[in-house]
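TrEMBL has this to say about the protein:
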| type | residues | note |
| --- | --- | --- |
| DOMAIN | 41-276 | domain 'Endonuclease/exonuclease/phosphatase' |
| REGION | 265-293 | region 'Disordered' |
| SIGNAL | 1-29 | signal peptide |
Amino acid sequence: MSLRARTFTQLSLSGALLTLAVTAQPALAADRGHSVPLRIATYNIHAGAGSDGVFDLDRQAAALRALDADVIGLQEVDVHWGARSQGLDLAGELARRLGMRVSFAPIYSLDPVTAGEPRREYGVAVLSRFPVRSATNHEITRLSTQDENPLPAPAPGFGEVTLKVRGVPVQVFVTHLDYRADPAVRRAQVADTRRIMARERAELPGAHQFLLGDFNAEPAAPELAPLWKELSDAGAGTPATYPAQAPVKRIDYVTAGKDVRIRRTAVPEEPAASDHRPVVADVSLPRRTPGRD
């Protein structure tokens, strides 16, 4: 499968958006001067299960709604995967409940157990209040969890969506890096990530870039160091994110291109809805082109 071979599933959904009080000022405030506000978040949703191991999509939807984010990157997303998530399309269901659009990028897409049923898929997703202009499922190096004796090989599941945020072009990437103690695969994934993001940046000059996800490594990890050449860690100085009940590691990230102003970032105290805590950031996007979307 080529890097651009698979386009995300896109669902356009309508519905009133509920605004709840959170720790940061909502990003949907009026534009100010030459910058545009955006609230952007990431959340590893643990296939719908909380830190107690119980599948509860109502609890998870409430946690996501409380972020009041314009854009959310999700990891560990089941789509008709199996019994652990009741065979549901979690990407589409969460989008419906939040009144947002969704793009899903599967890491794994397996034949159904029973002929005629939907494919069993697992991967990452982006929820957005803004229309998705384009979406791509890129390949990066992976060590499959579905093979008995896997070898590192290119595989999909590095998602990208292009948005227009009140006239400003934005590229949002969402990832889930390798979890193993050996950093070799993560190191290769970081190299792939930088190459893909550089190419996409060249194809849409002036777009602001974000990389969201569960990196499975802390900020000072040597394998992550190359990322910080082009990206700012919006969560620098914020609390740990994993495990959710008593976090000791900061492995979940909102990162942004150096041209994006980070206004404030928070790790909400949400210990129950997943085994990770979410990260949410308010940022300002320099306006380079006129107009609003």
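Even glycines carry a Cβ here, placed using N, Cα and C.
The average pLDDT the prediction assigns to the domain 'Endonuclease/exonuclease/phosphatase' (41-276) is 98. Secondary structure of the region 'Disordered' (265-293) per DSSP, as helix, strand and coil residue counts: 0 helix, 10 strand, 19 coil.
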